[in-house]
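What TrEMBL says about this one:
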type: DISULFID; residues: C521-C531; note: disulfide bond
type: DISULFID; residues: C539-C548; note: disulfide bond
type: DISULFID; residues: C553-C563; note: disulfide bond
type: DISULFID; residues: C571-C580; note: disulfide bond
type: DISULFID; residues: C616-C626; note: disulfide bond
type: DISULFID; residues: C634-C643; note: disulfide bond
type: DISULFID; residues: C648-C658; note: disulfide bond
type: DISULFID; residues: C666-C675; note: disulfide bond
type: DOMAIN; residues: 26-157; note: domain 'NtA'
type: DOMAIN; residues: 517-549; note: domain 'EGF-like'
type: DOMAIN; residues: 550-581; note: domain 'EGF-like'
type: DOMAIN; residues: 612-644; note: domain 'EGF-like'
type: DOMAIN; residues: 645-676; note: domain 'EGF-like'
type: SIGNAL; residues: 1-23; note: signal peptide
Amino acid sequence: MMRSSTRSPVILLLFLLTVPKLSKPCIQLLDGWKQLSAGERAKLVQVVFIGKVVNLYSYDATSTHAADFEVWKILKGSKFVEEVLEMQSSPLVIVYGFGEKMHCLSPVNPGEVHMVFMVYANESRALIARYEDVFGATAPATAKNEEEVLLALGWKPWSSWSRCNKNCDVGEQFRTRECVNKECDGSSRESRKCNEFECYGLKDIARHIREDQIPPLSKHDNIKVENGVVKSIPVSKVFRYYNYFPDDFSILFSFRVIALTNIYLVAMHDHRKSMRLGVRITPDLVIFEFEKSSAIQFRGGSLDFPVRVKKDQWHTLGISIHERNVTAYWDCARIGSKNLQEKFSFVTDAMGKISVGEPLLVSSIERYEVEVSELYFVPDPGASRQQCDPPIFKPVFHAHEIEGSGGVSASEIYGKEGSGTPNYVEDSENEVEISWSEWSQCSKTCGKGRRQRLMTCNFENGRPTEECLQALQTFEVKDCYLQDCPAKCDLPCLNGGFCISRNKCRCQPGYHGDVCEKVECKIHCRNGGTCVGPYKCNCPSGYGGTQCEKVLCTPPCQYGGRCIKPNVCQCFHGFTGPYCRPSCSPPCLNGGVCVGPNECRCAKGFTGESCLQALCNPPCMHGGVCYQPNKCSCPFGWHGKSCEKARCYPHCRNGGTCWRGKFCLCSKGYYGYYCQNVLSE
């Protein structure tokens, strides 16, 4: 929805100065036109950011409008954005100068995300959309455009993410980049959380393979497979019992491709060398392969997911299996989900083997080279989405800064004693083999009920270990719903509550009462606000914020003014009015507009400090006076637009003759404009 605004005309003037001088209609300008790239435009402006449009403001006198942006990422000019935010209490950033395509401007609408190109106006401390060519103030907010802009501004591409410093229970990893210019906006280092799943029940396949090599590899070494060289270990080293393999689980990888054809990142075979479970990778596909076991036969199948493998770049891959559903995650982002024909179940063969780097065709002469740093089996289907945080946009500026936030140096992460050591289970003999009971029946025959299953474990020597006792106390619960229960409430349940039986409502958290009409207010509403939800206040006019703690001025105070009361601004010297508009004394005349302290912008045809003096072009001649734009008051004897024409009035004297109506030809012995003077002898 477009909001009306009467912003200062000086901002409009500054915007008009940023627009190319378009002498032809927009449709004619587009003939043969090619827009500048995002990188080229970024070099020519002062500010570039990616943000979401929240509000629009229209101007009364122009076809342009301004927009409030929620800034997600600043690529250039962060200091200018911060200066703009110093003028207002809102975390939103206002940008002027958008419009319709028919005027060769860039259109924006609430909810849209754009890459925006701007200049900064020092006088008004405002951001103004910059048009190096038509439609040039915005670009699509794509990864390709962002990379192009960062490259143009001097940033080299990001490195791959480092290996996670813990293999479970929340670790951290980082990546770096280099600025080749003297100064670049943004950080040269980023960190993120990784491997946030629990350690219990985790099977570290990569660790077992490292330990099985001769000589054993360090826990920091990558597993390298190439050109038919396959790394294998017995299944019994990882899964020692036939009854352990969870119905719901995740398989997690971290790997790098130097050369690739078609290989298995992991394959699990039985004692007959038949492949029972595998994850295969090609340059553009990830394939999950399986053989379904039943009482009488094995039925094979596969599910594929499209990916884009980049050479010499570390990738993460997670395969999640939950009942009939298989979901794939690539580089922390979910790339797809597919269903099996029936629920997945799998029985391991302790006499089989687990291999890494096995080619699809054993006789293939095609070359490949892959390095694997992480390979886990986790009895939790949610672990795949916890392998690392996905790349998401978040607002850069918030209403309140979070204490303790900020970057952490590499030395802080890895330099402390004991840090940087993955949470490995060092004693493989103490690993606990866990399994699950069948799900119980639903606790209710109608409506929402619950089912649960218990974890069991296998132990040797007739005595359970501490970890086994822990497993015996572990259970899972999930909702079940067999059918609807008959329910009727004479009065409707309010605030999201729903009827569960005769005249009985189940209320949402934070509400109670017979029909959920009462609110359990968790915050204190200020300035006369009324609590309407557990964490929600209904604020009176002129106040906003979660607790109505913010004073609001609409439109916002301009030119650095501060909102001190609802719609009351405290202004700097030289600015006045409810919203700190410029003040001129004496006032601007003849249609002039005050654009700064005692500074007038005159209407066309006037000049001077107060726009009092009219302008005539060409100027008035022969003593004429300009009294209105391009209008002269001529002295006696002259006329014309600029007083350039003479008149023979009154008539020529002493026998003089008016020549062409302009001047007198005098008789002998006389002179003067009207031949009124006598020559003395």
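Even glycines carry a Cβ here, placed using N, Cα and C.
This view paints the features noted in TrEMBL onto the structure.
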residue : record         : Cβ neighbours (10 Å)
C539    : disulfide bond : 21
C548    : disulfide bond : 22
C553    : disulfide bond : 22
C563    : disulfide bond : 22
C626    : disulfide bond : 18
C643    : disulfide bond : 21
C648    : disulfide bond : 18
C658    : disulfide bond : 16
C666    : disulfide bond : 21
C675    : disulfide bond : 22
Discussion item. With the cut-off set at 10 Å between Cβ atoms, which of these disulfide-bonded residues ends up with the most neighbours? Options: C521, C571, C580, C616, C634.
Written reply: C580
Discussion item. What does the DSSP secondary structure composition of the domain 'EGF-like' (550-581) look like, as residue counts for helix, strand and coil?
Written reply: 0 helix, 12 strand, 20 coil
Response to the item:
Using a 10 Å radius on the Cβ of C531 (disulfide bond), the other Cβ atoms enclosed count 17
Discussion item. Within the domain 'NtA' (26-157), count helix residues (DSSP H, G, I), strand residues (E, B) and coil residues, in that order.
Written reply: 32 helix, 48 strand, 52 coil
Worksheet item: Between C553 (disulfide bond) and C580 (disulfide bond), what is the CA-CA distance rounded to a whole number of Å?
Response: 11
Worksheet entry | Minimum Cα separation from C539 (disulfide bond), reported as the residue among disulfide-bonded residues C521, C531, C580, C626, C648 that achieves it | C531
Worksheet item: Nearest to C648 (disulfide bond) by Cα, among C521, C563, C626 (disulfide-bonded residues)?
Response: C626
Fill in: C-alpha spacing of C643 (disulfide bond) relative to C616 (disulfide bond), in angstrom
11
Fill in: Whole-number Å value for how far C666 (disulfide bond) lies from C563 (disulfide bond) (Cα to Cα)
78
Worksheet item: If you run through the domain 'EGF-like' (645-676) with DSSP, how many residues end up as helix, strand and coil?
Response: 0 helix, 10 strand, 22 coil
